[in-house]
Amino acid sequence: MSLDQNQIDVYKEKVGEVGASLVTSGMKVGLGSGSTSACVVRALGRRWQEEGLRFIGVPTSEETARLAQSFGIELSTLGKCPELDLDIDGADEVTRQGFHLIKGLGGALLREKIVRYAAKRFVVVVDERKMVDNLGDHTPVPVEVSTFGWEATAKHLEKIGAEISIRYKKVSVRFKEDCEDFFITDGGNMILDCNFGLVNDPVKLGQSINDIVGVMENGLFIDCTDEVLIAGQNGIQHLRK
Ligand SMILES: O=C(CO)[C@H](O)[C@H](O)COP(=O)(O)O
């Protein structure tokens, strides 16, 4: 499906507003990362300033924290708020059946996964381009790894079938050594984008990836999404598990 950027931006704004409408005063809310989550945060910022909505946000990235703070939204940490009522985040792929996800093209997957598992309810906001039949349809699996010894970690990932692209600051390119321009996550790690082709058994794959020493976390979010808000030609669909 080809959509122009203006149409995509309109979808993101709309789904951001519907996502933000799920927040009520007094809630503790995980704030996702990426451009669609930014639309949620901006819509929440408007509600904060115009309606007097008051909640506590726990951001999944420094960028999201800065955006939320620019609206005066109160932020906290999982240290102070270890249990959240709601987490709203974007995704790179969402399966039509089961709402399994690939996340992390924005580079925040470790914090996003930690925040997701601190929340009672997880709502994913996407536009219709992100809906797939199988994980791996058009997105690699981002894997966050320690910068120390990442080359050895990459070799182990290749042994389990990954075709690796190192994530650089701007774009992800094919394996190249001795490059100093790596993308570094908020937690000080690197991202290796691992193409496994179609992912038939995501639970097993996620386990095999996380069993490798040096891996911090992988971008497969399996069986943990409660609801999906999908922006498309027919408006916003709100699907529940
Ligand atoms: O997982 C993520 C960041 O780590 C994002 O949620 C994901 O990449 C979607 O981003 P966007 O809404 O910009 O397409």
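Glycine residues also receive a Cβ, built from the backbone N, Cα and C atoms like all the rest.
For the recorded site, Glu112 (active site, proton acceptor), the DSSP three-state label reads helix. Packing around Glu112 (active site, proton acceptor) is summarised by its Cβ count: 29 other Cβ atoms lie within 10 angstroms of its Cβ, all protein chains included. According to TrEMBL, the feature active site, proton acceptor maps to Glu112.
According to TrEMBL, the substrate binding site annotation covers Ser33, Gly34, Ser35, Thr36, Asp89, Gly90, Ala91, Asp92, Lys103, Gly104, Leu105, Gly106, Lys130. Around Ser33 (substrate binding site), taking its Cβ as the centre, 28 other Cβ atoms fall within 10 Å, counting all chains. Following the DSSP three-state reduction, the secondary structure of Ser33 (substrate binding site) is coil.
Ser33 (substrate binding site) and Glu112 (active site, proton acceptor) have their C-alpha atoms 8 Å apart, to the nearest angstrom. The record assigns Ser33, Gly34, Ser35, Thr36, Asp89, Gly90, Ala91, Asp92, Lys103, Gly104, Leu105, Gly106, Lys130 to the substrate site; their largest pairwise CA distance measures 16 Å. All protein chains considered, the CB of Ala91 (substrate binding site) has 27 other CB atoms within 10 Å. If you measure from the Cα atom of Lys130 (substrate binding site) to that of Glu112 (active site, proton acceptor), you get 18 Å. Note on the binding-site residues Lys103, Lys130: the fewest other CB atoms within 10 A surround the CB of Lys130. Same-chain residues at least 6 positions away in sequence with a Cβ under 8 Å from that of Leu105 (substrate binding site) are, in sequence order, Gly34, Asp92, Thr139, Pro142, Gly219.
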